[in-house]
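Asks: Feature list, courtesy of Swiss-Prot:
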- 1-21: signal peptide (SIGNAL)
- 24: N-linked glycosylation site (CARBOHYD)
- 84: N-linked glycosylation site (CARBOHYD)
- 151: N-linked glycosylation site (CARBOHYD)
- 219: N-linked glycosylation site (CARBOHYD)
- 240-261: repeat 'PbH1 2' (REPEAT)
- 255: active site (ACT_SITE)
- 271: N-linked glycosylation site (CARBOHYD)
- 313: N-linked glycosylation site (CARBOHYD)
- 350: N-linked glycosylation site (CARBOHYD)
- 389-395: disulfide bond (DISULFID)
- 434: N-linked glycosylation site (CARBOHYD)
């Protein structure tokens, strides 16, 4: 993508020292090469290539290139686990297929193998095909989504697609088609993700929990990517520092660019700093910019910016809750409702576009009231901004500017604001009360 906007170029240049994670900087050659054979064609798509794949990762675990051949299909009928990798490039030039037998996959997950691909080690790069027709992981999630029981949000024994723990690495052209549920759990330091595609658009049942990237680490960037799914496009979890999410398009029934959820376990102290979400287009989503923490949590999230965000038909463009709940999860132990994950130095700048007034929400609602409407007084679905601070001291130095968000009904945009005090938030940009949004 050629970027010519001088202002945007300046913004991205300013981000570089913060969080555009470093690509592979190893000086050691990848001298070994393992080309993975496939039995897909000879068996008319019935043979399992997992043993050959596992063998390649065992043989070429260090200083190597592991190649899924160009234009070749592979059946990955059993999970692949490679946790002793070092200085390896995984070159995915063909297409990978998970089993289409739901019961067989559920039995594997019940046995304790709940992640289909597990990669771990320093300098582990993923290089997908340049050809858009190749480099796909096909999970056949549509059948799972359609099989989900009515009024249920959690079909049992669904696998996570991938756990990726590395450092000084790059992921390029990662492509996931119809994931069963969670896509990539990305943990580590100095990682760049570019030109990823997550396609979880459904023709039937709702694609619950199809998160794009669940991120935890330092100096991680995700750029120039497209994610259409039914949960967070990115969810930043603790501990995380110096994260950039830029020049991306997200949508379908996405839950947007999220931080959290945090604080469900009050003994887990949240520690997140320096996040940038910039130049992102959000289409038909439930949320665009979102923060979610549980009441009773502890910790600090500091220095967060959402900037230059374009929204089209989004129900909640800007949303903060410090009293989050999950319709499919419960909590145990003693909870102090006056305790919060503290939020400090948050900026929402240059938001433009349309608020979903006529058909708000998404297909994830299985309760009454819907989980995303619970606790919101007099909801009109004209809200440009929702800020739910847990206490009068838990939100500090909030700032909004350039908010140009308008309901499709052509009513005036409104705001729901709780406990973001003027004393702690002198540059909030509007008066913290429920009603018409009037920028100051």
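Glycine residues also receive a Cβ, built from the backbone N, Cα and C atoms like all the rest.
Since the structure is predicted, the reported quantities are computational estimates derived from the model, not experimental observations.
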Asks: Identify which of the glycosylation sites 151, 219, 271, 313 has its Cβ surrounded by the largest number of other Cβ atoms within 10 Å, counting every protein chain shown.
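Replies: The most densely surrounded of these glycosylation sites is 219.
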Asks: Cα of residue 151 (N-linked glycosylation site) to Cα of residue 219 (N-linked glycosylation site): how many Å, rounded?
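Replies: Answer for this pair: 40 Å between alpha carbons.
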Asks: Expressed to the nearest Å, what is the distance separating residue 350 (N-linked glycosylation site) and residue 84 (N-linked glycosylation site) at their Cα atoms?
Replies: 44
Asks: Determine the minimum-neighbour residue: among 84, 350, 434, listed as glycosylation sites, which Cβ has the fewest other Cβ atoms within 10 angstroms?
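Replies: It is 84 that, of the glycosylation sites 84, 350, 434, has the fewest other Cβ atoms within 10 Å.
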Asks: What whole-number Å value do you get for the CA-CA distance of residue 219 (N-linked glycosylation site) and residue 271 (N-linked glycosylation site)?
Replies: 14
Asks: So among 84, 255, 271, 389, 434, all listed as recorded positions, which is physically nearest to residue 313 (N-linked glycosylation site)? Use the C-alpha atoms.
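Replies: Minimum Cα distance from residue 313 (N-linked glycosylation site) across 84, 255, 271, 389, 434 lands on 255.
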Asks: Quick check on the disulfide-bonded residues: of 389, 395, whose CB has the lowest count of neighbouring CB atoms inside 10 Å?
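Replies: Fewest other Cβ atoms within 10 Å, among the disulfide-bonded residues 389, 395, is found for 389.
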Asks: Going along the chain, which residues six or more apart from residue 255 (active site) have their CB under 8 A from its CB?
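Replies: Those within reach of residue 255 (active site), by Cβ under 8 Å and sequence separation of 6 or more, are 230, 231, 232, 233, 285, 286, 287, 290.
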Asks: Please identify, among the recorded positions 84, 389, 395, 434, the one with the smallest Cα-Cα distance to residue 271 (N-linked glycosylation site).
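Replies: Comparing Cα positions, the candidate nearest residue 271 (N-linked glycosylation site) turns out to be 395.
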Asks: Looking at the recorded positions 84, 389, 395, whose Cα is closest in space to that of residue 434 (N-linked glycosylation site)?
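Replies: Considering only the listed recorded positions, the nearest one is 389.
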Asks: What are the DSSP helix/strand/coil residue counts across the repeat 'PbH1 2' (240-261)?
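Replies: DSSP composition of the repeat 'PbH1 2' (240-261): 0 helix, 16 strand, 6 coil.
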Asks: Can you tell me the three-state DSSP label for residue 395 (disulfide bond)?
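Replies: For residue 395 (disulfide bond) - judged by DSSP and reduced to three states - the answer is strand.
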Asks: Could you tell me the mean pLDDT over the repeat 'PbH1 2' (240-261), as a whole number?
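Replies: The answer is 98, the mean pLDDT of the model over that range.
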Asks: Quick one: Cα separation, residue 389 (disulfide bond) versus residue 84 (N-linked glycosylation site), in Å?
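Replies: Approximately 44 Å lies between the Cα of residue 389 (disulfide bond) and that of residue 84 (N-linked glycosylation site).
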